[in-house]
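Asks: Here TrEMBL flags 171-255 as domain 'Threonine synthase N-terminal'. Per TrEMBL, the feature N6-(pyridoxal phosphate)lysine maps to LYS288.
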Amino acid sequence: MGPPGAGKTTVGRILSQRLQKPVIDIDDDVLEKTWGMTVAEKLAQVGGERFIAEEGRAVCNFSASGCVISLTGSNPLHSDAMRHLKLSGIILYLDVDTDDIVERLCRMKVNRIVGQDPRVSMKEILEYRKQFYEKWLDARVFCGRGDTVEEVAEKVVRVLEKYRDAESESYISTRSLGPALNGDLKFFSDVVVEGLAPDGGLYVPRKGLPKLEPSEWIRLADMSYSERALIILEKCIHPLDIAPTELRLMVNRAYGQNFASESVAPVRHLAEDQYILELFHGPTASFKDLALQLMPQLFAYCLPQMCNYLILVATSGDTGSAVLSGFSNLSESNRQRIGVLVFFPERGISVIQKLQMTGFKQGNTRSVSVISDFDFCQKAIKEMFNDSKLTGHFAVEYATVLSTANSINWARLLPQVVYHSSAYLDLLKGGVVKFGQPIDVCIPTGNFGNAMSAIYAKQMGIPLRNIICASNHNCVVSDFIATGQYDLRGRKLIPSISPAIDILKSSNLERFLHHSSSGDSQLVQDLFVKLEKEQHFTVPEYLLRKIQQDVQTGWCSESDCLTTIQEVQSKTGYVMDTHTAVAKSVADRLHDRACPLVLCSTAHAGKLAPTVLKALHYADIPHEPLEQLDALCAFAGQELMHETLYESVNDGASRPHTVCQPDVRVLTEEVESMIQDSFMRVR
């Protein structure tokens with residue numbers, strides 16, 4: 001299936017030879033034989049609208065099996081015909097570049113296209129038709145710019161093989177010690193629901209992520225963020241896990257109207273060879289929105305219908321409000337069976353971040369603060385997950401299963417691959433680079449999920465040279481990458497002015513070590529079991545060398561962070577938040593200026609308004625959060641205003657919140673209370 005000029009007939013013939021199956025061309029072998037005239041003659045005789053009806057009637061009377069069928073470009077415009085065809089086999093969509101199609105049609109002088117009119121451009125016809133092809137596909141064959149029909153046919157074979165072999169896209173734990181038996185295979189839908197593997201490891205694709213061809217990336221450069229996201233995610237999610245038609249709806253809901261910037265994650269020039277990837281235009285003003293406007297939809301789709309699910313989240317600042325926002329946007333039926341409980345450190349996040357979370361008070365969402373730090377919150381949740389007696393109690397008594405939306409969940413990490421890819425594509429589209437020319441990225445790093453998603457983008461074919469991980473003074477990741485020693489003994493988390501990266505135990509580091517060790521699960525298991533028991537581990541020398549090839553790292557002091565904010569604003573007029581300033585400070589030391597550099601701006605400056613105002617030497621900083629936002633906007637210009645951030649702070653200011661002691665038993669009681677309130681009350 002595909003538009004006129006996509007090469008359906010030629011590709012069908014090639015496939016027929018490759019697969020040793022007969023080929024049927026709907027135009028030549030069905031329509032013209034049924035009508036006793038050419039398709040062009042029929043179209044001229046009856047006109048476009050009646051042509052589609054008669055074409056559909058002819059297709060509904062046609063049946064075949066064990067063959068390759070080349071549809072017409074207008075078959076998908078007739079719903080009954082397509083429903084009939086879907087009963088017979090797999091419908092593959094030849095998604096060919098529009099410019100390539102127009103060039104072919106001009107060369108072929110085609111005159112039998114429904115809707116063809118001198119007053120309507122061929123590009124307009126092709127754009128209109130896309131909605132119908134997207135409606136009926138079982139799998140997409142995404143073609144790069146300039147692909148030949150032979151190359152398209154080869155892609156069709158690969159897509160067909162992938163569709164038929166779902167087991168090839170299974171997942172394993174980072175601690176998996178042997179090949180999974182068929183009954184033990186884990187698929188995308190399984191890992192989204194489970195979050196954490198039973199052996200304590202994190203799920204990763206068994207064969208890694210697929211690599212796109214340069215011509216495919218080049219074509220993506222001219223697409224919108226939503227279109228890029230759909231293609232990349234389709235490549236990574238098997239269509240039998242989530243049908244492409246459903247995935248398209250999810251992506252459009254996630255990125256259609258929820259972001260203040262039409263570009264969703266725009267790249268803007270800062271100065272010289274440095275660019276800012278702005279990841280804060282979502283509803284909660286942080287990069288977490290890019291994943292968490294989509295992840296709840298993936299989660300709800302994958303859930304079995306017979307259970308309730310409670311999502312437990314530990315946050316160091318931004319994840320909490322993003323999770324609450326994402327899950328509160330689910331349909332009413334999904335909100336009745338999916339609840340969210342967020343734990344956050346009472347004194348470890350900014351007042352505005354806290355107000356964003358306490359502002360959520362819907363039936364299926366709740367936040368609780370803990371008089372401790374993020375690491376305790378994260379550890380407590382892991383203990384609950386690993387307590388089989390507790391999880392069994394919740395399952396038996398309340399028909400409720402615990403899950404997670406932290407970046408240990410694969411569905412949280414995967415959407416982040418999109419924005420790292422999209423940043424490079426924006427530079428490509430803007431003429432900053434030609435495809436294949438590398439860029440560096442610098443990422444504020446705490447739990448290592450953002451950095452890991454950049455590594456996966458590189459694996460998929462984005463030319464990232466150096467991935468720079470920037471830490472604040474809680475620089476355990478920076479120390480580890482420099483020395484190979486991950487040592488938490490006697491180490492206390494020190495609150496900083498960049499609280500979202502105030503983390504000592506970086507969960508996604510486990511995925512990174514699995515990746516860097518070429519999947520040595522035994523080594524990964526040994527290292528992280530030792531970390532749990534002894535609070536430290538050391539990687540072998542060969543692995544340290546590989547790690548240092550994959551990433552660079554550095555850390556930034558509090559004073560350097562503040563100075564960076566002030567200097568950037570003074571020189572460029574741009575106001576950045578503290579996390580972005582950490583990245584900028586580290587990048588200025590490590591980047592050799594041999595290629596462009598992208599700084600990941602992970603939060604809106606308003607989320608840490610008092611600190612940013614202090615850095616800008618603002619006199620008489622207001623005490624009230626809303627006044628702080630007003631002051632920052634007045635200082636930096638109205639462009640800095642983030643309306644949904646302002647609204648959520650205003651809502652949260654009037655609502656009290658629960659504060660509990662740092663005791664796992666107390667947190668467990670909060671979990672049980674949430675389950676009872678969410679799922680056991682009479683509706």
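Going from the start of the chain as shown, residues are counted 1 onward.
For all residues, glycine too, the Cβ spot is worked out from N, Cα and C.
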Asks: Within the chain of the residue listed as 'N6-(pyridoxal phosphate)lysine', which residues six or more apart in sequence place their C-beta under 8 angstroms from its C-beta?
Replies: GLY282, ASP318, THR319, SER321, ALA322, VAL323
Asks: How does the model score the domain 'Threonine synthase N-terminal' (171-255) in terms of mean pLDDT?
Replies: 93
Asks: Within the domain 'Threonine synthase N-terminal' (171-255), count helix residues (DSSP H, G, I), strand residues (E, B) and coil residues, in that order.
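Replies: The domain 'Threonine synthase N-terminal' (171-255) comes out at 41 helix, 9 strand, 35 coil.
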